[in-house]
Amino acid sequence: MGMRMMFTVFLLVVLATTVVSFTSDRASDGRKAAASDLITLTIKGCCSDPPCIANNPDLCGRRR
């Protein structure tokens, strides 16, 4: 293989790696957002339940 051909293969490998990395990162962001939403909903549910508020005052912004 000539130098030009090796350089072309190198560029293709770098491009493919970048595309895979970028796509994986975007998918990961979506999972993080979904987990964050679930945590928020769980905390809101706790903050509307008096026994849960009593057991976890720090979650709802209240101190003992």
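Residue 1 is the first one shown; counting continues down the chain.
Glycine is treated like the rest: Cβ placed from N, Cα and C.
Annotated signal peptide per Swiss-Prot: 1-21, in sequence order.
Residues or ranges marked as disulfide bond in Swiss-Prot (evidence: similarity to another entry): Cys46-Cys52 (among others). According to DSSP, Cys46 (disulfide bond) sits within a helical segment.
Residue density at Cys47 (disulfide bond): 16 other Cβ atoms are found within 10 A of its Cβ, drawing on all protein chains shown. Per Swiss-Prot, the feature disulfide bond maps to Cys47-Cys60 (among others); the stated evidence is similarity to another entry.
According to Swiss-Prot, the cysteine amide annotation covers Cys60, on the basis of similarity to another entry. For Cys60 (disulfide bond), applying a Cβ distance below 8 Å and a minimum sequence separation of six or more within one chain yields Ile43, Cys46, Cys47, Ile53. DSSP gives Cys60 (disulfide bond) a coil state; it is part of no helix or strand.
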